[in-house]
Amino acid sequence: MGFSPLFSCSAMGALILGCLLLQASNSNAQLRPDFYFRTCPSVFRIIGDTIVDELRTDPRIAASILRLHFHDCFVRGCDASILLDNSTSFRTEKDAAPNKNSVRGFNVIDRMKSAIERACPRTVSCADMLTIASQISVLLSGGPWWPVPLGRRDSVEAFFNLANTALPSPFSTLTQLKAAFADVGLNRASDLVALSGGHTFGRAQCQFVTPRLYNFNGTNRPDPSLNPTYLVELRQLCPQNGNGTVLVNFDPVTPNAFDRQYYTNLRNGKGLIQSDQVLFSTPGADTTTLVNQYSSNTFAFFGAFVDAMIRMGNLRPLTGTQGEIRQNCRVVNPRISVVENDDGVVSSI
């Protein structure tokens, strides 16, 4: 099935050009939306064109890119460390339990980077590229636009162990979710509820759903917060002892659209994974009020999402001379050593 974007490519290009001229009033002082205005003005167009092209054959990619950005930022900040492959110096975050055989979109990121390097060599960091790609992915799916604060640099190492502990689990309780978000500096209920709204599009594997369907918390019974009709539907999609890699829509109503349907689903007991449904079904939770608010008011959801995304994007950014600007997002730039031979000739290796 072909991709029919919610914005035409020409309309998106005009919008992005206008975006470059705006400033973010609540951005980190070291990051600014116009960072590449003179050094790489085509960066938004290149990233947007790459995503539009990929969406024609892969309707999941917009949600996958947003998730990739989230999983990057939660591990030592938004520094593109998740994009690094294994090396002799560190183990890749891609092998960590929350990411292995789960996060995706790396080949699309590679294509973006190659095109940007041709247009603006050694100028745009992979961290900024992934941040911009997330914003455009949301926009193309019907969600809000926001002025992305830019100027990040890339990590020269990956953090496998931290990725295993810092990223929230799909089986988390509300208390565990709040702790995970607070640990990285996202300590407001609106941060948690709004960013969870990223599950308004995309897919999840059955292995992250089946415990709720057959043996919730070791009870040999389904999660009591599940809508009974939805339970039947999910059991058909994810049979007990079935293929755990089968994909299920997070939102069965508008699976590829970025909208407020996610919150309506939670109110109806149709949150796909446990860490979604607990936002509404945990007794006495302050998050329940926010779910109700976002379910009935798109403007409130989009505003909270934008605010939380900017806050997340400002988590411990590498700036100035910190880190580097990778030429290939998968590997750290080669180190250059200066040597002098016996004749006093200086060269680089």
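Backbone N, Cα and C define each Cβ position, glycine as well.
Features as listed in TrEMBL:
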type     : residues                     : note
ACT_SITE : H71                          : active site, proton acceptor
BINDING  : D72, V75, G77, D79, S81, E93 : Ca(2+) 1 binding site
BINDING  : P168                         : substrate binding site
BINDING  : H199                         : heme b binding site
BINDING  : T200, D251, T254, D259       : Ca(2+) 2 binding site
DISULFID : C40-C120                     : disulfide bond
DISULFID : C73-C78                      : disulfide bond
DISULFID : C126-C329                    : disulfide bond
DISULFID : C206-C238                    : disulfide bond
DOMAIN   : 30-333                       : domain 'Plant heme peroxidase family profile'
SIGNAL   : 1-29                         : signal peptide
SITE     : R67                          : site 'Transition state stabilizer'
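Of all the binding-site residues given, namely S81, T200, T254, the one with the smallest number of surrounding CB atoms inside 10 A is T254. With a cut-off of 8 Å between CB atoms and residues at least 6 apart in sequence, the same chain places L315, R316, P317, L318 near G77 (Ca(2+) 1 binding site), listed in sequence order. The most crowded of the binding-site residues listed here (E93, D251, D259) is E93, judged by how many other CB atoms sit within 10 Å of its own CB. Candidates C40, C73, P168 (recorded positions) were compared with D79 (Ca(2+) 1 binding site); those inside 10 Å Cα-Cα are C73. Nearest neighbour of T200 (Ca(2+) 2 binding site) by Cα distance, taken over the recorded positions V75, S81, C206: C206. Reported as a whole number, the C-alpha separation between D72 (Ca(2+) 1 binding site) and C78 (disulfide bond) equals 6 Å. With D251 (Ca(2+) 2 binding site) as the anchor, the candidate recorded positions are C73, V75, C78, C329, and the one with the nearest CA is C73.
Candidates C40, R67, H71, H199, C206, D259 (recorded positions) were compared with C78 (disulfide bond); those inside 10 Å Cα-Cα are H71. Taking Cβ-Cβ distances under 8 Å and a sequence separation of 6 or more, the neighbours of C238 (disulfide bond) in its chain are C206, V209, T210, L213, V246, V248.
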